Amino acid sequence: MVSSRAVVMAIMVLVTVQWLVFAEGYPEEDLVARLPGQPNVGFRQFAGYVDVDSENGRSLFYYYVEAVKEPDTKPLTLWLNGGPGCSSVGGGAFTELGPFYPTGDGRGLRLNSMSWNKASNLLFVESPAGVGWSYSNRSSDYNTGDKSTVNDMLVFLLRWFNKFPELKSRDLFLTGESYAGHYIPQLADVILSYNSRSSGFKFNVKGIAIGNPLLKLDRDFAAAYEYFWSHGMISDEVRLTIMNQCDFANPKNMSNACIYAIVESSVLTEYINSYHILLDVCYPSIVQQELRLKKMNALHANRTRLPYEWTMCSNRLNYSGIDGYIDMLPSLKRIIQNQTPVWIFSGDQDSVIPLQSSRTLVRELAEDLNFKTTIPYGAWFHKEQVGGWVTEYGNLLTFATVRGAAHMVPYAEPSRALHMFSSFMNGRRLPNKPDLKSSTDD
């Protein structure tokens, strides 16, 4: 896995680089002429801040990358990582689907041949304030939750489009993973509400796609233990106790037997990477990364006066735990009723938010919408191999797995992830038979 130290160095280079050359129609001060150590590329990059609350000094940091080819005609895709509190720049941009990966020593950059900017312009935002180098001058703003996070993102997008007016009319896709299962549906919901009230500018939202999303906490939690059991990681006894004694919808009702079983499950799975159960855990690497991170200076500290160091996932936030229990299915229902396509995709090696719960919740949502099955559950293909399994309801709701992928789908299976994303963005169904001409560049 890409080391956190390498990611940090890449991000520090990104926002400390000198801003040069004016880009017509785009903000001169945010244009990145070149990242030291990067390969030669033909696309432009922008990075900087957007104030979402000028009075209290609350600003969100973004990184925008143009598409490799024909960026003037390509759509715009927003990507948000989850957590809550993890960096979309450090995670999404420089670990998963952005144009560059740090080299092994963290001193340079190499091209990501499966970057999603082959298909779309990409926008990564560190949200909420307190994540990465997004900040507020008022410390109480770090006591936050879903509502304030989504409202800030709406303000961010409106003001970001003022920086990039040529992109206002572009097709917009909202994507992310994990706790973005809360961010993206609620953001799409408030955007559609904004559109209904606005007599002027309207967001041109064409679809949302979320990987291994937290949609309904009690169901996702329970599914994790079913996943452990189905993969031989916990005993029959532990699984049955959790099934019969644990009330994940109301943690206060959990019995002692439930708590003991959960502890036993934690012991049994202690030496497994829950986010990718096939990867070995490398303890020296983890410790070394943490030590290096703690010695890093805050990015752009002289400008933002951040009193803390950058980390992949923020320890500054006091994020509302109650918000994690909000059911996202009603938001998804409203989005779909607005004729906006929704894709839910799952890496099948993730035990944190496993495919079992996502698949079941998508089916229940389809039933609530009275949708018929428009694609029966079956394999989809990429490069003559099974890329995963997929089903579709009512031509608007899709559930797809990505074979061999995990919690961070684009990192674990970049080629299959790009093929899936390109299909989603272009309104194409995933192929249900091998195709010798299948390409990741479509």
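Using the three backbone atoms N, Cα and C, a Cβ is placed for every residue, glycine included.
Classification of Ser178 (active site) by DSSP places it in coil, neither helical nor stranded. What Swiss-Prot lists as active site is Ser178 (among others), and the listing cites sequence analysis.
The active site annotation in Swiss-Prot covers Asp350 (among others). Within 10 Å of the C-beta of Asp350 (active site) we count 28 further C-beta atoms, all protein chains included.
Under the heading active site, Swiss-Prot lists His407 (among others). Cβ-based neighbour count (10 Å, all protein chains) for His407 (active site) stands at 24.
Under the heading disulfide bond, Swiss-Prot lists Cys86-Cys313 (among others). In the three-state DSSP reading, Cys313 (disulfide bond) counts as strand. For Cys313 (disulfide bond), the same-chain residues lying six or more positions away in sequence with a CB closer than 8 A to its CB are Gly83, Gly85, Cys86, Ser87.
Within 10 Å of the Cβ of Cys258 (disulfide bond) there are 19 other Cβ atoms, across all protein chains. Classification of Cys258 (disulfide bond) by DSSP places it within a helix. Per Swiss-Prot, disulfide bond is recorded for Cys246-Cys258 (among others).
DSSP classifies Asn137 (N-linked glycosylation site) as coil under the three-state reduction. Annotation comment: Swiss-Prot describes Asn137 (among others) as N-linked glycosylation site, evidence class sequence analysis.
A sphere of 10 angstroms centred on the C-beta of Asn253 (N-linked glycosylation site) encloses 11 other C-beta atoms. According to Swiss-Prot, the N-linked glycosylation site annotation covers Asn253 (among others), on the basis of sequence analysis.
Summarising the annotation, Swiss-Prot assigns N-linked glycosylation site to Asn302 (among others).
According to Swiss-Prot, the feature N-linked glycosylation site maps to Asn318 (among others). Taking the Cβ of Asn318 (N-linked glycosylation site) as reference, residues of its chain lying under 8 Å away and at least six apart in sequence are, in sequence order, Tyr142, Asn143, Thr144.
Marked as signal peptide by Swiss-Prot: 1-23.
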Collapsed DSSP category at His407 (active site): coil
Recorded positions clustered about Asp350 (active site) [Cα within 10 Å; pool: Asn137, Ser178, Cys246, Asn253, Cys258, His407]: His407
Nearest of the recorded positions (Asn137, Cys246, Asn253, Cys258, His407) to Ser178 (active site) - Cα to Cα: His407
Integer Cα-Cα distance in angstrom, Cys246 (disulfide bond) to Asn253 (N-linked glycosylation site): 8
Secondary-structure category, per DSSP, in which Asn318 (N-linked glycosylation site) falls: strand
Whole-number Å value for how far Cys258 (disulfide bond) lies from His407 (active site) (Cα to Cα): 26
